[in-house]
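Enquirer: Grabbed the feature section from Swiss-Prot, which reads as follows:
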TOPO_DOM  1-7  topological domain 'Extracellular'
TRANSMEM  8-32  transmembrane segment
TOPO_DOM  33-44  topological domain 'Cytoplasmic'
TRANSMEM  45-67  transmembrane segment
TOPO_DOM  68-81  topological domain 'Extracellular'
DISULFID  C81-C158  disulfide bond
TRANSMEM  82-104  transmembrane segment
TOPO_DOM  105-123  topological domain 'Cytoplasmic'
TRANSMEM  124-144  transmembrane segment
TOPO_DOM  145-173  topological domain 'Extracellular'
TRANSMEM  174-195  transmembrane segment
TOPO_DOM  196-223  topological domain 'Cytoplasmic'
TRANSMEM  224-245  transmembrane segment
TOPO_DOM  246-257  topological domain 'Extracellular'
TRANSMEM  258-279  transmembrane segment
MOD_RES   K267  N6-(retinylidene)lysine
TOPO_DOM  280-289  topological domain 'Cytoplasmic'
Amino acid sequence: YLVNPAAYAAPGAYMFLLILVGFPVNFLTLYVTLEHKKLRTPLNYILLNLAVADLFMVLGGFTTTMYTSMHGYFVLGRLGCNLEGFFATLGGEIALWSLVVLAIERWIVVCKPISNFRFTEDHAIMGLAFSWVMALTCAVPPLVGWSRYIPEGMQCSCGVDYYTRAEGFNNESFVIYMFIVHFLIPLSNNFFCYGRLLCAVKEAAAAQQESETTQRAEREVSRMVVMMVVSFLMCWLPYASVAWYIFCNQGSEFGPIFMTLPAFFAKSSAIYNPLIYICMNKHVRHCMI
């Protein structure tokens, strides 16, 4: 045990709570949206993709982490570590790139850089495919030798190897690639899109270019998507910051809890997306009732 054996009860209980809430909420989001035709809009396809990503994390990652927490170390071997790390990374990355697609959609629809553009089903499908391709370019390489998945923190869950310069895995190049392509670029895109979005909403309100009903509907959707992006950053920014700090200070000593806390905090992202979707979308609430 890396810490007091009693301490493993906390992550185990936390994972149980995330599974208890995350599975039914995300499954309900999928079921209600697919069941009601009026909810099957192109924009909601991307939101459904978020629910699928969260279910990957819940079923492929959280269940494994809860089981290993009960034993006090990662008992499932190399294959189990690869599977847990892959599903957790894949789910987080699908969610990240889905939010990128949503940000671009909001920017194009509200700011109108392309005149007479409509976000159609074909655009949504392209967005889904894009999010999956980008997610796989991050989750697959550690399985085939570019970096690797290893137990992290208290050794109850697995993640990308930020910690070592193990020969033959090229960890340094993969971590730099991951931070640039899968963190800084999406982050910059979202800041740009929402910066332009806020300006456009204010300008439209001042000029009264559209009807009050249209403006209100666009504001509600934009507010929901912004909330999702902010919540995503709140969950994943601490993990990314700590991981980068460890990567830049390899060889220094870090306590197991130092990486465990932000890693487990990041896992809560599987809950907030469907809750925001449900709480801020009156059509979804009405269909559930």
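Backbone N, Cα and C atoms are what each Cβ position is placed from, and that goes for glycine too.
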Enquirer: Helix, strand, coil residue numbers for the topological domain 'Extracellular' (246-257) per DSSP?
Expert: 5 helix, 2 strand, 5 coil
Enquirer: Give the sequence-ordered list of residues that share a chain with C158 (disulfide bond), lie 6 or more positions from it, and have CB atoms under 8 Å from its CB.
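Expert: Result: F74, C81, N82, E84, G85, A88, Y149, I150, P151, E152.
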Enquirer: Please give the sequence-distant neighbours of the transmembrane segment (258-279): residues at least 6 beyond its ends with Cβ less than 8 Å from one of its Cβ atoms.
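Expert: For the transmembrane segment (258-279), the sequence-distant neighbours (Cβ-Cβ under 8 Å, at least 6 residues beyond its ends) are 11, 14-15, 18, 21-22, 25-26, 28-29, 47, 50-51, 54, 57-58, 61-62, 65, 88, 91-92, 95, 152-154, 156-157, 159, 224, 227-228, 231-232, 235-236, 238-239, 241-243, 246, 285, 288.
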Enquirer: Could you tell me whether the transmembrane segment (174-195) and the transmembrane segment (82-104) have 3+ CB pairs under 8 A, leaving out pairs under 6 positions apart?
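Expert: Between the transmembrane segment (82-104) and the transmembrane segment (174-195), contact is present.
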Enquirer: Within 10 Å of each Cβ, count the other Cβ atoms, then let me know which of the recorded positions C81, K267 comes out lowest.
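Expert: Result for the recorded positions C81, K267: minimum number of other Cβ atoms within 10 Å at C81.
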Enquirer: Mean pLDDT over the topological domain 'Cytoplasmic' (33-44): what is the value?
Expert: 85
Enquirer: With a cut-off of 8 Å between Cβ atoms, can you find at least three pairs linking the transmembrane segment (124-144) to the transmembrane segment (174-195)? Only pairs 6 or more residues apart in sequence count.
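Expert: Answer yes, regions in contact.
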Enquirer: Please indicate, using numbers and ranges, the residues of the same chain that are 6 or more beyond the transmembrane segment (224-245) and have a C-beta under 8 Å from a C-beta there.
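Expert: For the transmembrane segment (224-245), the nonlocal Cβ contacts are 50, 92, 95-96, 99, 102-103, 106, 159-160, 162, 175, 179, 183, 187, 190, 194, 197, 258-259, 262-263, 265-266, 268-269, 272-273, 276-277, 280-281.
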Enquirer: Tell me the residue counts in helix, strand and coil for the topological domain 'Cytoplasmic' (105-123), as DSSP assigns them.
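Expert: Residue counts in helix, strand and coil order: 10 helix, 0 strand, 9 coil.
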